[in-house]
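Take a look at the structure set out below.
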Amino acid sequence: MHLLVLSEAFYPETSGGAHVRWRFCQLAVERGHDVTVFTPHEKGFAKSEIVDGVEIRRPFPVKSDSVPIYSPIAVITRIAASVLFFVYLCWWLRDQDVDGLHSASHLTHWVGKALSVFYDLPLVSFIGYTPSVDADPSLSPQLLLERVNFRFFMGQTVFCRIPRTKEIIERYTDGTVVVLHGILNQKRITDAVSTADRDQRRIDLGIDENETLLVYVGRLAPLKNPVGAIEVLSEFPSEYTLAIVGDGDERETVEQAVREHGVEDRVRICGLLPHGEALETIAAADALVFPSHTESYGAVVFEALALNTTVFARPVGAVPAVDHPRLHVGSLDEFPRLLSGTTIESFDGLDTETLERFSMERYTDGLLGAFEEQTTRETTIGGA
């Protein structure tokens, strides 16, 4: 099959959504499919390139780099750019043989739907984070755009991350809505474990044998709540140390919180690390602390579980829907009690069952299976 993928976030970006889309395209190519991706242009990125067999086209930007993605002005420019994308894609498709469309971003859903109707192509949609699942969703441009997408612009098959999202989408669309797990890069995690030296990593972080190492991995941003991890650490005695992996606009706030709680000697701010080194740090830790206020999925939780690291997480993203013996879920106020009441056992190596259960290979199986099913159905109907 030749698949056309539409996504606002894509390689070489490092966000969770960009990672998922990129890995799906890599695996689809490895399985013998042709993949062309259309994504916005950003400063420093090539307008067109082929990477790992994936054709990537970035015709033009959708907003200024300095403008937040969901600010009112950015929403307006992104909508305008989506119209240009549609016109450009109509021109591009005039001499292309495409078998299916995959849309994975709010501003590409209407484009994918229109193209699927005009060119009679199967469309598979994906919904990641949605403000609809918030406890008290407030009226916002993102929420309005989302509801319009759900009502008018979903594909014949819609994949999402959690049961609650599935319930909401099913209120608006007649398509088939399926919860699809899978976010872990099996090769990257396996490679990290094969080269990791747990004891040496702990030594590098200045952790003694009798210390308990907690780790926070994520952007230093308000929604990720890194300060919450520091607050949890402050509830424990000096034998507990916290490694913070990540960078972002809230770094100064994090450093200030460390000083205010008097834990300067027990916090290691590692900054942004290469993914492999971040995985090694998770594997070296006794537990991962996941204090995020909101998540579309929570990739780092599943990375930690696959690395045999205990996780203490708030009930966000896919976390509440997952049953795992090393996953402990509660509010941030409950973290000290959960940590104190849990016997943390550290294991080297991989939890292969968890790795396979939440792998990108499984995610790719789901998406490609949906395309093949739709293609088979249309062929059967056409031959009837």
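First residue shown is number 1, and so on along the chain.
Keep in mind that glycine also has a Cβ here, set from the backbone N, Cα and C atoms.
Per TrEMBL, the features are as follows:
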- 198-320: domain 'Glycosyl transferase family 1' (DOMAIN)
Can you count helix, strand and coil residues in the domain 'Glycosyl transferase family 1' (198-320) using DSSP? 52 helix, 25 strand, 46 coil
What average pLDDT does the predicted model assign to the domain 'Glycosyl transferase family 1' (198-320)? 94
